[in-house]
Amino acid sequence: MVLKCTQSVLFFSLIFTLVYGQLLDNRCYLDGGGSAVNFFANEDITIGAVVGSLRVLGDPGKDIVLTLREKDSPVYIAPGTKDLIVAKPLDKEGLIGPSAVFVNVICERKFSDDAGIIIPVNIRVTDVNDNAPVWIGAPYKLNLSEVTVIGTRILQGIRAHDLDQPGPYSTVEYQTLPGPYSDYVAFVTPLEGTLVLKKYIDYETVQNFTVKIRAQDQGKPPKYSDTFVTIRVLDSDDQNPKFDRDVYYGQLLSDNGDIKISPEAIRAEDQDRGIRADIRYSIVSSNGSEDELIFEIHPNTGNMRQTRALAPSQARHSRTIVVKATQVDNPDRYALTTVILSAPKGAESSLSVISVQPPVGGAEFVRGTFYVTVREDTKPGTKISQLTNQGNAEQGVRYGIVGSLLVQEQFRVGTAGEIILAKPLNYRRTAQYTFAIESSTPGAELNTSTTVVVDVLPANMWEPRFRKPFYSFAIENPLHAPQLPMLVGRIEAADGDRTDELSFVLKGNYSNLFRVDPYGNLWLVSNRTDLPVAMRLLATVTDTGTPPKSATVPVVVKLKPETATLTSNLLIVNIVVACALGLLVIGGFVRCVYRRRKRKVASAEQIVGHGGGVVPPLKHGVDSSRFLLQRSEQRMLERPSGHANSRLTDGLCRLIHSR
């Protein structure tokens with residue numbers, strides 16, 4: 001009997017030892033539980049650096065052996081340790097190395113016949129700012145007309161790509177770098193590769209220029225790349241032709257023939273050096289059609305010719321011929337000059353023979369009334385007409401303007417009888433001057449005088465100007481507009497030239513929805529369902545001067561936003577209602593738990609209250625505690641429905657009890 005007991009004890013001891021020993025052998029398990037290991041490594045980690053240490057229970061080299069299943073892995077386990085070492089470069093972009101590493105570590109227990117445990121290891125490579133933006137299609141070149149309006153998008157599609165992962169390291173910002181011409185262009189926004197014109201370009205000033213631009217990411221510190229935008233300026237027809245001289249001189253002929261012009265031949269050229277349009281010459285009559293009948297000018301060479309002989313009465317007077325040079329490709333571009341033709345030689349002697357009583361010691365004017373035409377922009381000091389055939393300064397003749405002080409300040413007469421402009425003209429103030437010029441010789445009893453009429457031609461002296469540098473209007477959604485057209489606002493512009501009229505033109509993606517009348521009123525004439533919150537336009541005003549001048553101003557039309565306060569109020573109400581419902585549910589749950597615990601205590605007290613600690617059995621062998629619980633449930637179910645809160649509490653109680 002004793003032997004059998006001893007054998008049983010030994011048998012159970014052996015089984016217990018084997019089982020307990022197996023339970024205590026936790027080698028190769030992960031410390032803290034789990035079945036896989038995750039590591040993070042920056043892509044700039046150096047070869048030989050430690051990625052991380054495996055949380056494996058056991059001592060490598062003594063009681064466990066750690067090896068990798070993968071033979072050509074970018075990491076390896078340092079001998080005798082649990083450390084994972086980098087063997088190859090890592091790269092989040094996957095260019096020079098893997099962007100992620102997945103290996104399996106095999107952990108084998110020493111002195112054990114059990115198979116090794118496989119531990120998956122996941123190494124996630126994190127991004128660093130190791131790539132600079134790379135320009136696509138750089139350097140950039142474009143041709144730009146000199147009449148391009150400020151604010152025009154002159155180059156789109158500028159783009160630089162950053163190979164870093166999406167985020168601040170790959171978000172590229174664009175900017176123009178300071179330089180000689182950096183104020184001509186700018187980017188619309190730093191995040192958009194679109195260049196706009198900021199300053200007017202004049203071909204006669206600069207024909208091409210280069211701007212340096214930069215693309216940089218948002219790293220700290222940022223990485224960047226630079227390139228160049230080369231802009232070639234194209235000449236446009238924005239300049240009038242120009243004569244080499246303001247006044248030319250010549251002499252009338254006694255018969256027909258070519259007129260020799262001095263000091264040089266009549267010549268004009270287009271000031272637009274990139275175009276050099278052909279010029280055509282013509283005579284602008286200032287004496288009715290008489291000049292056109294007697295004189296002609298070659299349209300290409302500018303040589304003047306007298307087509308017929310002059311009558312003796314006509315040969316006595318000098319003539320002022322107005323010559324016009326017009327561009328062939330644009331009749332609105334022209335220039336004017338004057339040719340003063342003096343009387344032919346011998347006219348004075350013939351005049352003294354037929355004259356009954358010539359003035360003694362006085363000057364003889366070439367005609368009774370002088371008609372002079374001069375442009376408003378003529379510079380002071382310019383000779384605008386000649387009174388006599390030749391200078392009489394050596395004879396002591398004196399000339400004086402008879403009239404108001406205003407005329408005497410505006411013009412002066414030289415010693416040779418030339419009329420010279422003294423002060424700048426203003427067509428808006430005075431369009432015509434009429435005055436008399438009197439000549440006298442010391443010691444002479446008679447003085448001679450003539451009348452001079454100076455007609456001022458208007459010149460486009462002023463550019464149109466806007467009252468504001470920027471116009472912004474707010475309107476209701478066109479879909480809600482009662483009727484169209486709808487007045488949006490007024491763009492105020494004015495011109496300093498009195499005779500000029502203004503016209504407005506709108507440009508932009510939404511310009512077809514609006515119209516500007518001659519008074520500057522901006523009207524909404526059409527609508528669309530896909531309108532943005534803000535519509536950006538360019539308004540250009542042009543005058544009717546010669547040459548016409550224009551100005552441009554940006555205009556933004558915004559749609560009035562919907563009632564934002566109503567939306568925010570509804571959001572607040574929804575949050576308050578959700579919070580109230582949440583509090584109600586939590587309160588009901590707490591009350592249900594409390595009542596359930598209270599009923600259990602009451603049931604236990606009833607059971608104990610029978611005395612003696614012995615509970616008599618009920619019918620059919622049902623336990624009294626179970627009977628009391630059923631009775632409490634029955635009473636709870638038979639309870640009349642009350643408030644919504646009580647019903648919710650009872651439902652929660654039944655749900656908890658059922659579980």
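Note that Cβ sites are derived from N, Cα and C of the backbone, with glycine treated the same way.
Please treat TrEMBL annotations as automatic predictions, because they have not gone through curation.
TrEMBL lists 1-21 with the feature signal peptide.
Taken from TrEMBL, the feature domain 'Cadherin' applies to 77-135 (among others).
Feature annotation from TrEMBL assigns domain 'Cadherin' to 136-243 (among others).
Annotation comment: TrEMBL describes 266-361 (among others) as domain 'Cadherin'.
According to TrEMBL, the feature domain 'Cadherin' maps to 366-466 (among others). Here the domain 'Cadherin' (366-466) is broken down by DSSP into helix, strand and coil counts: 9 helix, 44 strand, 48 coil.
According to TrEMBL, the transmembrane segment annotation covers 570-590.
Confidence annotation: the domain 'Cadherin' (136-243) carries a mean pLDDT of 89 in the model. Shown for the domain 'Cadherin' (77-135): DSSP residue counts in helix, strand and coil, namely 0 helix, 27 strand, 32 coil.
Residue counts for the domain 'Cadherin' (136-243) by DSSP state, with H, G and I taken as helix and E and B as strand, are 0 helix, 51 strand, 57 coil.
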